[in-house]
Amino acid sequence: MGRKLDLSGLTDEEAEHVLQVVQRDFSLRKKEEERLSEMKQRLDEEGNKCNILSKQQKFNEHCCIRCCSPFTFLINSKRQCQDCKYNICKSCSSYQKKEKAWICSVCQQARPDTKSSLSYSIIVSSLTSLLG
């Protein structure tokens with residue numbers, strides 16, 4: 001944030017409440033940073049795995065790039081992820097109705113997390129109304 005809060009107009013109880021809110025916000029931000037850092041590490045590792053496997057001649061033509069299970073005609077058919085373009089199985093993907101396309105689990109994780117930005121905006125609006 002970088003700005004100083006003028007709490008002189010608040011009662012001790014109100015100032016304590018503001019302090020608790022700010023401390024909770026700090027804690028939530030730290031947890032979110034850790035979560036995003038871990039997710040980035042997992043995505044990087046998955047990307048490295050995909051790079052190695054995709055260099056193997058026709059590997060992704062016959063096996064899911066995510067779980068390495070072989071594709072079969074009816075039981076485990078292949079589909080292409082709209083984002084990364086790798087072939088994936090049904091277990092490693094989900095169908096996105098809005099886009100009318102399959103997205104692999106890794107690309108799904110890499111997409112922006114709307115819940116995180118929503119919770120952040122709720123915290124900011126709460127602080128704004130409290131200090132307001």
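Placement of Cβ uses the backbone N, Cα and C atoms for every residue, glycine included.
Feature annotations, reproduced from TrEMBL:
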- 29-56: coiled coil (COILED)
- 4-106: domain 'RabBD' (DOMAIN)
Practice item. Helix, strand, coil: count each for the residues of the domain 'RabBD' (4-106), based on DSSP. Key: 53 helix, 14 strand, 36 coil
Review point. Could you give the mean pLDDT over the coiled coil (29-56), rounded to a whole number?
Key: 83
